[in-house]
Amino acid sequence: MGECRTEYRGLPDANGEDAGTVPAALRKVSIVPLVFLIFYEVSGGPFGIEDSVGAAGPLLAIVGFLVLPVIWSIPEALITAELGTMFPENGGYVVWVASALGPYWGFQQGWVKWLSGVIDNALYPVLFLDYLKSAVPALGGGPPRAFAVLGLTAVLTLLNYRGLTVVGWVAICLGVFSILPFFVMGLISLPRLRPARWLVVDLHNVDWNLYLNTLFWNLNYWDSISTLSGEVDNPGKTLPKALFYAVIFVVVGYLYPLLAGTGAVPLDRGQWSDGYFSDLAKLLGGAWLMWWVQAAAALSNMGMFVAEMSSDSYQLLGMAERGMLPAFFARRSRHGTPLVGILFSASGVLLLSSLSFEEIVAAENFLYCFGMLLEFIAFVLLRVRRPDAPRPYRVPLGTAGCVAMLVPPTALIVVVLALSTLKVALVSLGAVAIGLVLQPALRFVETKGLLRFAVNTDLPDIGVGQSSASAEEPVTP
């Protein structure tokens, strides 16, 4: 495992054949598509960062997108690089927590992270249609909007079904298209830049709740790529490099248009809300640039959807290969994709797509924070209990240094949770409670023989005892 050459294959089918073995050409993701998949897991472009200026002004917005990556994004990316190469399989963060805290808490991690990801993904078809409803008013509500959400979800789900190679190259094409208009806008803004505009701040007029949630939402989910580790070509080298390049890509992708927009146009904080970059594009370059930004925003939501669904569905496959979910979740399509996981994730998106934007983001952030606390604990415990375990990439800090590195992001989590409304907290805690009873319920179903569970014998031992799931039992359709 130190060289990351272990083949992570699926479980056997009813005939005893390996149903999950997929030709390498179909299932291995190289570094360039991986960078863009991470980009879409985390960012997708500067769409949605406008509220940081509206909430706090230019200076705090710029400082926020410089400082928060240091205290949050980089630590999360470093943890993902170390543990993702230590356990290069599709269970990702589920396996990290299971190895450190046992399979019960590994399942809880999988539940809250999958739910958080599906909630996040429910945003993107809705936001896509929001960008189009000015041109097609019928998409603003009613049956046309519902059918549009269903159709868009079906098309994007089909892309995931066709395989990560397709998804990766779609992410590259959408990423280039989404970033180019901001590059052009930045060049056009150069003659109008007034650096003094970047320094405007009014500490007595800051919406800290909106400001911190905007920063947090736009700079998290670095660990989501870990659930695709089993599909990555030579993850021991490729994953850390891809995370490094993606951090730079995301931070520059936020700061470049932020500096251009706040420096070239006189400040009106009331205008800085979702979608304002298209107005800035019209002011700076004309209607053609505005339409380009709007098209990029719409397509960026498609890129974020396919990247997030890939992560969510492969996570379910990885959990099934560890015996945490019924074995049918581990079955792959002829394209090598987790068909059942894709269908489950798509169903969750459709069920949640009727919620409001604010409700979705708030609930997603709360569940995500709970999962990150489990990851931080697992990271430290694995350093203490398994210091000599092979780690193709290792964070260049000792255990004490790692603990110190996690203090600022943990404090940020506490602040985000404290800012949650009572309604969001109660709903989110109710979702957590479902997971607490769901895992014992699945074990009961397994012992009664109602569903078949199995552990993939090709996966390395993670140092914890599984339930009664048998590695020898074949998986039936």
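Cβ from N, Cα, C; glycine included.
Just so it is clear, the model here is predicted, and its values are computed rather than measured.
Listed in TrEMBL:
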TRANSMEM  31-49  transmembrane segment
TRANSMEM  55-74  transmembrane segment
TRANSMEM  86-105  transmembrane segment
TRANSMEM  167-188  transmembrane segment
TRANSMEM  243-267  transmembrane segment
TRANSMEM  287-307  transmembrane segment
TRANSMEM  336-353  transmembrane segment
TRANSMEM  365-384  transmembrane segment
TRANSMEM  396-418  transmembrane segment
TRANSMEM  424-442  transmembrane segment
Checklist entry - Between the transmembrane segment (55-74) and the transmembrane segment (167-188), are there three or more C-beta pairs closer than 8 Å, counting only pairs 6 or more apart along the chain? => result no
Next on the checklist: Given a Cβ distance threshold of under 8 angstroms, which distant residues of the chain, six or more beyond its ends, lie next to the transmembrane segment (396-418)?
Outcome noted: 68, 71-72, 75-76, 78, 212-213, 216, 365-366, 369, 372-373, 376, 379-380, 383-384, 387, 425
Item to check | Segment proximity, the transmembrane segment (424-442) to the transmembrane segment (243-267), 3 or more C-beta pairs under 8 Å | outcome: no
Item to check | Stretch among 31-49, 287-307, 365-384, 424-442 sharing the most Cβ pairs under 8 Å with the transmembrane segment (86-105) | outcome: 365-384
